[in-house]
Amino acid sequence: MNALHFDSLVWHWPIAIYLFLAGVSAGAMFFAVLLKHVCLKEQAYRSGFVQAACIVAAVSVLAGLGILVLDLTKPWDFWKILVFYNPTSVMSMGVLILLIYQVFMYAWIAVVFRKPIEEWCQPRFPIVCKITTMLAKYEAGITGLLIIFSVSLGAYTGFLLSAQPRFPMLNNPVLPLLFLASGLSSGAAASLLGGVLLKGSPNGQEVRFIHRVEIPLILGEIFLIFTFFMGLVLSGGQSKVAALNAIGEGFWGLIFWFGIMGLGLSAPLAMNLFMNATSKRKFSYVAGTACLSLLGVIMLRNFVLYTGQMVVS
Amino acid sequence: MENSRRHFLKSTCALVAGVSVYPLSRDQANADTGIRINNLKYAMLHDETKCIGCNACVEACREVNHVPEGVTRLSIEQSGPYGKYPNQYYHFSRHSCQHCEDAPCVNVCPTGAAFIDKENGIVSVNADKCVGCQYCILACPYDVRFINPVTKAADKCDFCRETNLKQDKQPACVEACPTKALVFGNLKDPESELVMLLKANPTQRTKLDLGTRPKLFRITAKQGEIIL
């Protein structure tokens, strides 16, 4: 069987990129909120990492939606997804989550960057200041709902693939958890990468905080991947065939063992432990580790999407 | 302040959980009440022992439903030959929509373009509502859906709901079959030929373990070989 073209393949790589971007956005927003509330408080808007997280979250969710629309066979009819809803469809509910998520995302960004926004708008568009003042009153609620919807969005990327009976490897209850965990870690990596590029200090408190969270997150991801495949093998039947086909020999086996387990998870874990132990944090270390994490998550999405569609129930 | 935030988060979580679970429970309830509304539920039987693999059904379907070249709503899959000359034979099995009672394609469709006709149980597609996300193609365990190159919408067998059934005729494939291997009828009518045959013969449906409750029945031909 060709690794990239086979009969049962329905959804191609653009869907994997979309799942990746949605996860990055959810993860970046999640960590932006954590950074503000745990480390930075009212000074959050000055931090390059929070700025990067907000830019990444806003751009990637729009880019993901763009890819999703272009991948339709009728791109001009995409508005029908926004008008007609089906409560049993994970995709339909996901669109709803995406829309609400974006509302709270922009509201939260407006609240956090209230000072620079108000300074710039006061002489030009005083009405904007009224809106930000009003939003600031509800900051607690906006933050809470943003966290709920970013976690929902991260999990949705997994539920989208698992909500069908045809492919046993995708129809797996661990998949949403795995995609949520890897989405959060990709969001953290994207914030770190963007932060150091925006002249954030590679040894700042933000980096130290994210690295501390990332270590258990990566360990959790490895455990979820183990559970994912263990569950498939123990289910027997086509689930077992699908699991062994995915992580066995061949192109995707290589991607899994060297790309995902090696470069995407073990290497960043080792680098994070090293940086924590020695407190040596250079631009190149932080950026390199973040790039590896992001690459690993892109590979994981493609790996799951393609190998998942190889074996039919 | 702290308390009210916690209270707010708690109630929001409860609301989100409730909203997401509600439609699932409601759907189960509707499935039973829907049956009692009317007395029509179409199904089909393919007698594989009578099928000769002539593909007349495929061509009739293409003509009546204007299915473009390159795609098809139905195909006859051939395997074999089994046995030794001169007693060789082939297996033919029909590959088309099974009109599931609990159809995965209908459950996953984001716009409701894929739907079950409540009047007669036919799983059908509203091409205007379809945006072409291909989620239904991904979800269908029977691999019978495709994108129609003309309408760009998902397409599949609908028991000729838009064509022959409207003219009170049998589906095109059934009319075309020279050996009467295809029988179409109403499962709710105990006098129908279909129900008589289903009661008198051992029949099979595929992938029942997925819980899709398909309505394409088959009388299987003798095995021909042993597969463990």
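The backbone N, Cα and C atoms fix where each Cβ goes, and this holds for glycine too.
Sequence-distant contacts of the transmembrane segment (A:15-35), counting only residues of its own chain at least 6 positions beyond either end whose CB sits under 8 Å from a CB of the stretch, comprise 44, 47, 49-50, 52-54, 56-58, 60-61, 63-65, 67-68, 71, 98, 101, 105, 108, 112, 143, 146-147, 150-151, 153-154, 156-157, 160-161, 179-180, 182-188, 190-191, 206, 209-210, 213, 294, 297-298, 301-302, 304-306. Here TrEMBL flags A:15-35 (among others) as transmembrane segment.
Residues annotated as transmembrane segment in TrEMBL: A:47-70 (among others).
The transmembrane segment annotation in TrEMBL covers A:90-113 (among others). Only residues 6 or more beyond the boundaries of the transmembrane segment (A:90-113), in the same chain, are considered here, and those with a CB under 8 A from a CB of the stretch are 22, 25-26, 29, 32-33, 36, 44-45, 50, 54, 57-58, 61, 65, 81-82, 84, 131-132, 135-136, 139, 142-143, 145-146, 149-150, 152-153, 156, 159-160, 163.
The transmembrane segment feature in TrEMBL is assigned to A:140-162 (among others). Tertiary neighbourhood of the transmembrane segment (A:140-162): same-chain residues 19, 22-23, 25-27, 29-30, 33, 37, 90-91, 93-94, 97-98, 100-101, 104-105, 107-108, 111, 170-173, 175-180, 183-184, 304-305, 308, selected by CB-CB distance under 8 Å and a gap of 6+ residues from either end.
The transmembrane segment feature in TrEMBL is assigned to A:174-198 (among others).
The annotation transmembrane segment is assigned in TrEMBL to A:218-238 (among others).
Per TrEMBL, transmembrane segment is recorded for A:250-271 (among others). If you look at the transmembrane segment (A:250-271), the same-chain residues 6 or more away from its ends with a CB under 8 A from one of its CBs are 3, 189, 214-215, 218-219, 221-222, 225, 285, 288-289, 292-293, 295-297, 299-300, 302-303, 306-307.
Positions annotated as transmembrane segment by TrEMBL: A:283-304 (among others).
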